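Q: Supplied in structure tokens, the structure appears directly below.
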Amino acid sequence: MQQRKSKAASPPAAAAASTPSKTQDHASKPFVYDFGGPIGSFIIMWILPAVVIFLFAGCNASYCIDNRYDFVELYHVLTTTVSWDDLVHVRSIGVIFGWFAFQVLLERLVPGEYVQGVLLPTKERLLYKINGHTCFWLSIAAVAAAHFQGLPVLTYCYDHYLHLAVGSIVLAGLMSVFVYVVSFRHPDVLCAEQGTSPSAVFNFFIGRELNFRTPVTGTFDLKYFCELRPGLIGWAVLNLGMLAKQFELHGHVSLSMACVVFFQNLYVWDALWHEKCVLTTMDITTDGFGYMLAFGDLTWVPFTYTLQARYLVDRDPNLSIPVIAAIVALNILGYVIFRGANAQKDAFRTDPTGDAVKHLKWMPTKRGTKLLISGWWGMARKINYTGDWCMGLAWCAYTGTGSIMPYYYAIYFAILLGHRALRDDTSCREKYGDDWTAYKAHVQAVFVPGIL
């Protein structure tokens, strides 16, 4: 189910006139930092690029950390296999910037529906152009056409993987500086609450401006664009690159590779098919656009989420059909939970009296909103996260048990989803007060009914 459509004859910058908003005044109470505050965010900004490089150095065509955990060997590999020449490649940096520009061009030129976002503190609703699904298929078609014309665009993804990753780090860094600087262009710029802390370092990391738009760019929202376009579609293209490289090297595509690429690219397609649903997520409604989201969208997603496919190019485990079938079953179960829960919530938000959701139980709140306490959302408060994680675990399992490295995703994602659940719980407790306590009494589980 999708949110209600809100069409417009022309793409105005917002659906209603806005009232200028001031950045939040924190002088009245101590500022509560997330992510470890200024020190924590500073450390994270250095660790994230290092992790991206480590995942390549620790698992590539010539070496991959195995279950012996020989740390002396690992240290030798990390200090000898990655040089400055391995990191900086001008052409690959150009490819990354060109890919970003191509996605901007598609977003601007491809027709799309305009829908309203959530109500902002300024009492306005911004308009967003929805054409990501079409842009996804146009991007895949363009890359496929180039490949079948003999251009090595797909195998380039594997051959220059680290170069491309570093290029994306450069792009994310420059964009972070840009959006931070321009967020001071006017004192009435609408900033995220966390982005107006007393610390410039933390504000740079978390992002100051909530919705980066200018009169020149109109409805083009940089944060929203980066959330779904260059990195997410780039993830799908990189996966196809790994598949093409395996075929080039071995003359066939393994069942594990086919499953990883199919189910991960299905995940990407699903996100873009349900593009409007992202308008109500924390990234869009709450967080500013800074280093955290820029790096996450442009580097972390495409260049760490493709580790399973990259691993399989050189180290396919040749899993048996029954094992593959069991992993596929887990993958499908996760998708059913993930999509079913999200679709139910979206349908309820759209029309609580609709045939698909009118039977669900809910509790009223003093804010006037309704909280579901039955159906998928009566099982656990973050049941969609459970499905999301099950899919991620399945993607890792297709790589077998020869190395812990491809399982980084399941480990990282468990930490990420746990942290997001805590952030959401804190936010909802402040938003709903006693109603949130009452809601948690109805729905006690966070992830797994009766267990967790």
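Every residue gets a Cβ built from N, Cα and C, even glycine.
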Q: Identify the region 'Disordered' range according to TrEMBL, selecting from 1-25, 426-450.
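A: Of the candidate stretches, TrEMBL labels 1-25 as region 'Disordered'.
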Q: Taking the transmembrane segment (39-59) as the reference, which of 135-155, 161-182, 289-307, 319-338, 404-422 gives the largest number of Cβ pairs under 8 angstroms?
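A: Comparing 135-155, 161-182, 289-307, 319-338, 404-422: 289-307 has the most Cβ pairs near the transmembrane segment (39-59).
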Q: When each of 135-155, 249-269, 289-307 is checked against the transmembrane segment (319-338) for Cβ pairs under 8 Å, which one has the most?
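A: Counting Cβ pairs under 8 Å, the winner is 249-269.
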Q: What same-chain residues lie close to the transmembrane segment (135-155): Cβ under 8 Å, and 6 or more beyond its ends?
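A: Residues 102-103, 106-107, 110, 229, 233, 236-237, 240-241, 243-245, 248, 268-269, 272 contact the transmembrane segment (135-155) from elsewhere in the chain.
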Q: So which residues does the transmembrane segment (161-182) touch in its own chain, when a touch means Cβ under 8 Å and the partner is 6 or more beyond its ends?
A: 49, 52-53, 56, 82, 86-89, 91-97, 100, 203-204, 207-209, 212, 222, 226, 231, 238, 289-291, 294-295, 297-299, 302-303, 310
Q: Using a Cβ-Cβ cut-off of under 8 Å, list the residues of the same chain that are 6+ residues beyond the ends of the transmembrane segment (249-269) and lie near it.
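A: For the transmembrane segment (249-269), the far contacts come to 133, 136, 232-233, 235-236, 239-240, 242-243, 305, 308-309, 312-314, 316-319, 321, 324, 327-328, 331, 335, 391, 394-395, 398-400.
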Q: Take the transmembrane segment (289-307) and find every residue of the same chain, 6 or more past its ends, with a Cβ under 8 Å from one of its Cβ atoms.
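A: Long-range Cβ neighbours of the transmembrane segment (289-307): 35, 41, 44-45, 48-49, 51-52, 55, 59, 100, 161, 164-165, 168-169, 171-173, 175-176, 179-180, 195, 203-212, 222-223, 226-227, 230-232, 234-235, 238-239, 242, 264, 283, 405-406, 408-409, 412.
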